[in-house]
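For reference, Swiss-Prot has these:
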- 16-55: repeat 'WD 1' (REPEAT)
- 58-98: repeat 'WD 2' (REPEAT)
- 200-243: repeat 'WD 3' (REPEAT)
- 257-298: repeat 'WD 4' (REPEAT)
- 321-360: repeat 'WD 5' (REPEAT)
């Protein structure tokens with residue numbers, strides 16, 4: 001396939017799924033990429049070697065969502081169309097015992113699955129993926145037993161004692177797809193139900209987000225609906241609750257700015273949680289402000305006929321991209337760019353502040369359904385006091401000496417520090433591929449272009465790059481020598497707009 005000069009080109013093509021890829025996410029400090037397909041298969045890829053390190057069939061239907069749980073990244077959450085949400089335990093130390101046979105390769109024996117920690121029966125009628133929010137509470141085991149199941153379901157925010165990892169899961173209600181259920185892990189109890197936001201039925205819930213607001217300190221839920229509207233709910237503040245007025249969910253914001261169903265939403269990953277962005281079946285990418293309040297909103301009309309919002313102060317910013325059907329929107333953790341997967345087979349990169357398109361990633365011939373954006377990591381934060389790097393469940397690397405990295409260490413550091421974007425979909429051919437593009441490679445100078453003809457003699461020294469390991473001949477992979485065409489593919493990448501390493 002010809003690619004326009006200067007356009008972002010794939011750095012790696014990972015092939016292994018036999019059906020369209022519906023979910024993708026970078027985990028463990030960018031050292032792993034997890035993908036899931038239409039038949040329920042999950043593949044955990046190593047970004048260091050670009051190979052699958054764990055393969056299993058998590059669900060009997062299409063994957064709707066994946067997530068990472070736990071301080072050490074040992075928990076993997078999968079949500080399938082088979083009405084199951086499963087939390088698996090797969091620490092890095094157990095990856096060697098997992099199957100490496102990819103879904104496209106059929107085998108007679110069943111592949112080993114990770115240990116199952118929890119299974120939750122959920123509603124998947126509307127294809128809405130779960131939302132999750134980790135919490136850390138202090139639990140006294142003796143008091144835990146005395147309080148019983150009812151109080152246990154209230155999370156015990158005032159308990160004191162031993163620390164315990166817990167999780168909140170938000171999914172559409174089992175009976176009515178316009179309301180939201182929130183479950184507590186590990187008790188599996190439903191602790192909250194949020195009803196439909198108003199008398200006008202907005203249709204099915206299409207996308208969810210769940211978090212604790214940093215200013216109000218209250219649990220907050222954002223939902224996108226089939227009619228193109230969004231609602232923001234906040235649990236009433238503990239300081240305002242009385243015996244006669246128990247906790248309740250207030251709708252603090254509403255807006256209807258999409259003219260087609262909302263397909264995805266992503267919340268500001270920064271500490272302040274100031275905004276969120278949505279994409280839909282229409283051509284609009286919309287940015288909304290999140291009110292820092294728990295007070296119910298007062299409806300008012302905006303200047304736009306298609307928009308009803310809580311106040312003109314929070315009127316959304318609308319970008320008409322002229323490209324309908326963008327889903328899987330994800331904001332990078334530095335809050336500077338957002339990426340979408342398009343039905344037209346294109347992934348698009350947007351600048352969040354100015355809400356403008358920066359780049360179009362073109363590779364797939366048919367629709368793209370999933371996108372993942374690697375975190376921008378702070379190297380200084382991940383190094384210990386003596387200047388050495390370490391490795392843990394999040395993927396930090398172990399270096400043999402101060403200031404020294406061997407070949408493996410360089411590959412691991414590159415995997416962690418590169419600004420990757422992974423795009424998955426259906427190519428119209430087998431096997432299905434995941435397109436991983438690098439956003440921070442510097443432009444190639446003219447002098448380098450003039451000397452590329454002499455680079456072949458230096459190829460054996462460039463084995464650490466392995467720019468196309470999946471496509472490289474087996475003998476080249478084994479000896480570390482990469483043929484010239486693969487080196488050219490790696491060297492030919494251009495920077496994308498203003499999203500370089502200094503952004």
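Cβ coordinates come from backbone N, Cα and C, glycine included.
Highlighted: of the candidate stretches 58-98, 257-298, 321-360, 257-298 has the greatest count of Cβ pairs under 8 Å to the repeat 'WD 3' (200-243). Just going by CB pairs under 8 A, the stretch in 16-55, 58-98, 257-298 that sits most against the repeat 'WD 5' (321-360) is 257-298. Same-chain residues lying 6 or more positions outside the repeat 'WD 1' (16-55) and placing a CB less than 8 Å from one of its CB atoms are 61-68, 73, 76, 78, 80-82, 90, 92, 95, 98-104, 111, 114, 129, 367, 369-375, 377, 382, 393-396, 408, 411-412, 415-418, 420, 422-426, 430-432, 434, 436, 466, 469-470. When averaged over the repeat 'WD 5' (321-360), pLDDT in the model lands at 95. Helix, strand and coil counts from DSSP across the repeat 'WD 1' (16-55) read 0 helix, 26 strand, 14 coil.
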